[in-house]
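Quick notes on the structure that follows.
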Amino acid sequence: MGFNEFLSSIFGNKSTRDMKEIKPWVEKIKAAYPEIEALDNDALRAKTEELKKYIRESATDERAKVEELKASIESTELEDREEVFAQIDKIEKEILEKYEKALEEVLPVAFSIVKATAKRFTENEEIVVTATEFDRHLAATKDFVRIEGDKAIYQNHWNAGGNDTVWNMIHYDVQLFGGVVLHKGKIAEMATGEGKTLVATLPVFLNALTGNGVHVVTVNDYLAKRDSEWMGPLYMFHGLSVDCIDRHQPNSDARRQAYLADITFGTNNEFGFDYLRDNMAISPKDLVQRQHNYAIVDEVDSVLIDDARTPLIISGPVPKGDDQLFEQLRPLVERLVEAQKALATKYLSEAKRLIASNDKKEVEEGFLALYRSHKCLPKNKALIKFLSEQGIKAGMLKTEEIYMEQNNKRMHEVTEPLYFVIEEKLNSVDLTDKGIDLITGNSEDPTLFVLPDIAAQLSELENQNLTNEQLLEKKDELLTNYAIKSERVHTINQLLKAYTMFEKDDEYVVIDGQVKIVDEQTGRIMEGRRYSDGLHQAIEAKERVKVEAATQTFATITLQNYFRMYHKLSGMTGTAETEAGELWDIYKLDVVVIPTNRPIARKDMNDRVYKTKREKYKAVIEEIEKLVQAGRPVLVGTTSVEISEMLSKMLTMRKIEHSVLNAKLHQKEAEIVAKAGFSCAVTIATNMAGRGTDIKLSPEVKAAGGLAIIGTERHESRRVDRQLRGRAGRQGDPGSSVFFVSLEDDLMRLFSSDRIASVMDKLGFQEGEMIEHKMISNSIERAQKKVEENNFGIRKRLLEYDDVMNKQRTVVYTKRRHALMGERIGMDIVNMIWDRCANAIENNDYEGCQMELLQTLAMETPFTEEEFRNEKKDTLAEKTFNIAMENFKRKTERLAQIANPVIKQVYENQGHMYENILIPITDGKRMYNISCNLKAAYESESKEVVKAFEKSILLHVIDEAWKENLRELDELKHSVQNASYEQKDPLLIYKLESVTLFDAMVNKINNQTISILMRGQIPVQEAPADEQQPRRVEVRQAAPEQRQDMSKYREQKQDLSDPNQQAAASQDTREQQKREPIRAEKTVGRNDPCPCGSGKKYKNCHGQNA
């Protein structure tokens, strides 16, 4: 007995402890169930209303206190409001805690209500209840409810995901276990076919009773729509509203209503993008989301782990892109790649000839030539085949060790004759001097593709005898040239990666003239995802499709940081146990394995290992043929579109009928999966993860041995392999699974084949022979663990980088939301004024202080130089702040006084014609047209005009500063990688530098906002001296208020699995290319179309405040 087994025998394993903790809850539910089941239909529904009332009343006093504090805000001095808002925030947290306690108390009854309802729908075709207003509203839009007199009749069948569904499910005890786990904010791991969708109904129903909203998150829109239709009637029967955000257009009233529903279904991407859109809104009417209360994430491992490297980005166009550069440099790269291919072939031929020699020196030269061929093109199929021969790979690895000794001391001898060097494990391509010479050719500038040492050049300039003007001019010239060269070198590198490391129909497909990334985990097309840092444009140039223009990031967030905003988060999946450590480290989510309702009868066989891919695929086809003859259905899992199409051709040649499900044919998914369990059916599918549809078997198929799973390759992640195996053996069905592996597979080639190859060599295995042993399967699993650890390191590192931005984003978005909603804007402005006063005194001498107070706060210094030197800085800051606040109040009152007669006149004479009014306000430099609701302005005696001015300026200043900050952070992330050469941690440097950038941004926001607000005045047209007419303010009718149209912003998931992003996550990655920030060189004209895509002119949209 091992030590771990010994400990488990004393303390029990985790699974046993989890079950022990949850079992009492299940017993309470079972005890409450008979009483609930005995209720009639109306009493059952009344019980739900009773629970809602109990939960709401648990925090009655706290809610009353919040309302009282909110009512007191208007009469509270601006300076004292911060304390009031802090009290409100504290009490709102207490309310959530009270609700959580109440939910625990009613859990057994609530779960019993759901189970009793499921039973009634299963046993009755129709359920008759007394009709409520909600039922009548429902009957007008849903087919499964009809009204007859004062009765509402619910049917037990409805349409879900395009199929007619009859409800026939009642919760098992293990599903009650799962429901408790989800309510507790944990991850429930349940095997395929155990009814995860049904389990979710329990915690969703319970948490929806608070009225704060529950989000059910799925991986694709088909599942989101299907599950909302499938489970919806169960909730609606109890008066809970259900909607799905993917049914409605972004930024629409319908989508806003979907978020106001008690239960909201949707995809992870859309929830994230709606959050970003809300933080770009220019009016409260544009907001769709409310507080992030409780989310249940389906296929939680896919969302929180596989997609974690992929931030959501909303970007807008920049006037000038670098797409032309990709087209211009493509022929040079093609010439380079062809030259390298010829070189790789030459070295391989040379290696084969020399290694066959009996001369020891020639054999050594042969292995050097082989190693050079490997460095040229590691994915060369002829090379991979030769490496699988006995003793060849081991010989090449010995050669590699020799040249890598003493920190790669002799590596230059290997790489000098090559045009570029590929490091496959590091995902990097480096040009050599020979490669640079080839692409420079007869160019006048031999350094066309060589980055100069900019620091040395700038230092040289300082030593020259130049005037300040000349020095600045020369510096500008140097920096401009460096930027141009940097972009050129970067483009060449990205094109090289596109040609040598990314294969069509493997990493991506080309459909309708567009390059679309294929998700390596699921085989699905990732719509809207683009590789970052110009790599996607490079692939577009390679495939000769339209190269999309460059864009600038307007808003971004990772799914990790989005989901961490929820008050409570839980998830369910069939495979999370292998990633339990990561889910706890990053999200503090505990994984609980729920036992199956019936024991699993699937037979999982050892891996079958072959030397070459050719032998492996031949064996796969023979195995399929044998299984089909036995009358069993077969599901063949592949890792790429290319392999699925190749196997399809091989089966067609053998005249075996089959279906193919891959990224190119995903439209037929439901139809193909529905038939996959028929006798003799053969289905080839790129990884089935997240398909969300069970393969049901007929009695004849079960008798023949059930569904057979064949994996054609081990995936990098054990979890994806487990997902594929899990398609067979659902709910105790028979089945089998086996993986066919070759030493040429990517996982084996890069991480594991050395040991297995040497074992096969020693045992004298010949081509065509197969090895099957537990030791081999364990060795492959160790390789997978190695890759998983590496990927976890990358994700954790990326999250550490994003955490820096996330803290900044939280501050900026909070400030922006205050401005948008208007409630706390006064408090923020007071803080800004204090900050400016304190800064002016803290960071300057007396003259500097005078200048800053004049420039920012438009005020004279209220103390003498002697007082400045002798008095405490806090005292001076307080004195300055008090005077600044008096000035500010006086100016805002004056603004309202000037606007009010005009507002009064327009409202009383033409109020029925206008809803909004445009008021011109200037700070002496620029004119701002402020849109304000005419009625609100009239009723507030133009105080609303001042609020609208403050809000417009703050939103405008924050948005511009945040965009610029995102750009600078992106550039910083790339530039800090060089710190590793100085034995410094790039992340630490990034954190320190980002604080400096953030402080500069906050100062900029505060300075600009206060400067404009302090100088803001309505321009008054003076009457001519000889005419006795009053002064006149010019106002205009504003366009009717519209919701912000964001339909033409580009939403994308930036793929962080590409090398450029991994660089930021791995310190030992080779030297990275510096990324130049995207330069918005051309400004948008006032009469040009607005870049947001609304179709309106810039001056009438985002340019209103500009």
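One-based numbering along the chain as shown.
Cβ atoms are placed via backbone N, Cα and C, with glycine included.
Residues or ranges marked as ATP binding site in Swiss-Prot (evidence: sequence analysis): Gln175, Gly193, Glu194, Gly195, Lys196, Thr197, Asp694. Residues annotated as region 'Disordered' in Swiss-Prot: 1021-1106. The compositional bias 'Basic and acidic residues' annotation in Swiss-Prot covers 1042-1056, 1068-1085. The annotation compositional bias 'Polar residues' is assigned in Swiss-Prot to 1057-1067. Taken from Swiss-Prot, the feature Zn(2+) binding site covers Cys1090, Cys1092, Cys1101, His1102.
Sequence features annotated in Swiss-Prot and their locations in the structure.
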| residue | record | CB count, 10 Å |
| --- | --- | --- |
| Gln175 | ATP binding site | 26 |
| Gly193 | ATP binding site | 22 |
| Glu194 | ATP binding site | 25 |
| Gly195 | ATP binding site | 19 |
| Lys196 | ATP binding site | 24 |
| Thr197 | ATP binding site | 17 |
